[in-house]
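The topological domain 'Cytoplasmic' feature in Swiss-Prot is assigned to 1-17, 60-84, 135-156, 219-242, 299-331, 377-399, 446-457. Here Swiss-Prot flags 106-113, 178-197, 264-277, 421-424 as topological domain 'Periplasmic'. The transmembrane segment annotation in Swiss-Prot covers 18-38, 39-59, 85-105, 114-134, 157-177, 198-218, 243-263, 278-298, 332-352, 356-376, 400-420, 425-445.
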Amino acid sequence: MESKNKLKRGLSTRHIRFMALGSAIGTGLFYGSADAIKMAGPSVLLAYIIGGIAAYIIMRALGEMSVHNPAASSFSRYAQENLGPLAGYITGWTYCFEILIVAIADVTAFGIYMGVWFPTVPHWIWVLSVVLIICAVNLMSVKVFGELEFWFSFFKVATIIIMIVAGFGIIIWGIGNGGQPTGIHNLWSNGGFFSNGWLGMVMSLQMVMFAYGGIEIIGITAGEAKDPEKSIPRAINSVPMRILVFYVGTLFVIMSIYPWNQVGTAGSPFVLTFQHMGITFAASILNFVVLTASLSAINSDVFGVGRMLHGMAEQGSAPKIFSKTSRRGIPWVTVLVMTTALLFAVYLNYIMPENVFLVIASLATFATVWVWIMILLSQIAFRRRLPPEEVKALKFKVPGGVATTIGGLIFLLFIIGLIGYHPDTRISLYVGFAWIVVLLIGWMFKRRHDRQLAENQ
């Protein structure tokens, strides 16, 4: 590959650490958590802890391979190297499909959040505006992207911490609630902690895993990280603490100060909770934060697909034109392709603004879980491929080795079973498997084309 089509290593440890902090703090938490709360009640806290453990196992498996061999197409390349070309092809394209679906959910959420302030403006106008703005940002240098993502993430992380502190002020001292402490009795006084039974908590796991979708972007940043051996482990090791603080902490506060069964879905439950309590100033600030979070998520979505398609083009799994980069090292063709695909979200928000999110979230969960399964299978094959002395020399090993990875794999297969069990999300399983069939057909055509090219040479 010519040097002019190479990506540039412009992401510092600071950029990558905050991308790790911010990557999973987005639409799944700020908006999708409402559906998870409805399914499980307060026991959704336990679901987020269980899902968080699985997410950390996936990140450690990806981190082990990323530190050993940092590459822009990351898990697609690892699947190709360890499981074969077909696995790499399916993984790369399914990740692009996943992130496109997630991005549609993110831009849809952006329109919903803007609707809180401007209820008379159609959602699709906001969706179109944000798609064009993010496209422009991603056509600049990777350093501009990293800097913008740093400040997006810094702002939402800082505000969530302030919100948690303020929430404890309401819980303990009644600040902003007329001096009346709310306590934490709401966690059990509306049907108990397991208000919808154990089954409700288990069923919520699919929405919980949607919230964690996107964390795998840290593997993709390895190709543009200045010092992947330091930055990747630091970023991944921050995962357990951020799950406890940002997911469990925020939802603990929300469900303590406001009954879980009155959390609505007409906007972010974070915003609606403060609105219902009459603290409109806090609600307005939080709406601005969730807007920032969705912008950050869309920004990362476009970045992730762009780098994945670029790497796949280098591997021969995507059209060669996708490997083209600008003078600044930006894969501009793939950024424009992603932007064009996102215009479909504008159309969806025009024809069915009320029902877009839940359908898209379940479809994204299937694609996300599929990619995670391929990451874990790649790590198992990667370990088997290495001689024992090289396994010992690995700089960032999965704790517990392959046994831990297999445990994560069983959990993810269970999540796919849940998607098929739930009537509202079963269709996403059909669409997901149809997507895999389409990819297999595409692979057959690709192989035939490659053979013809080889014969003609």
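Including glycine, each Cβ sits where the backbone N, Cα and C put it.
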> So which residues does the transmembrane segment (85-105) touch in its own chain, when a touch means Cβ under 8 Å and the partner is 6 or more beyond its ends?
Replying inline: 27, 32, 73, 75-79, 213-214, 216, 297-298, 301-302, 304-305, 308-309, 311-312, 315, 317-318, 338, 341-342, 344-345, 348, 356-357, 360-361, 363-364, 367-368, 370-371, 374, 377-378, 435-436, 439-440, 442-443, 446
> Taking the transmembrane segment (39-59) as reference, which of 114-134, 198-218, 243-263, 278-298, 400-420 has the most Cβ pairs under 8 angstroms?
Replying inline: 198-218
> Counting each residue once, how many in the topological domain 'Cytoplasmic' (60-84) are helix, strand and coil under DSSP?
Replying inline: 18 helix, 0 strand, 7 coil
> By a Cβ-Cβ criterion of under 8 Å, what residues six or more beyond either terminus of the transmembrane segment (243-263) are in contact with it?
Replying inline: 24-25, 29, 33-34, 37-38, 41-42, 44-45, 48-49, 52, 55-56, 157, 160-161, 163-164, 167-168, 170-171, 177, 182-184, 186-187, 189-191, 195, 211, 269-270, 272-273, 276-277
> When DSSP states are grouped into helix, strand and coil, how many residues of the topological domain 'Periplasmic' (106-113) land in each?
Replying inline: 8 helix, 0 strand, 0 coil
> For the transmembrane segment (332-352), which partner among 114-134, 157-177, 278-298, 400-420 gives the most CB pairs under 8 Å?
Replying inline: 114-134
>> Treating G and I as helix alongside H, and B as strand alongside E, what does DSSP give for the topological domain 'Periplasmic' (178-197) in helix, strand and coil?
In response: 4 helix, 0 strand, 16 coil
> Between 157-177, 278-298, 400-420, who has the most Cβ pairs under 8 Å to the transmembrane segment (114-134)?
Replying inline: 278-298
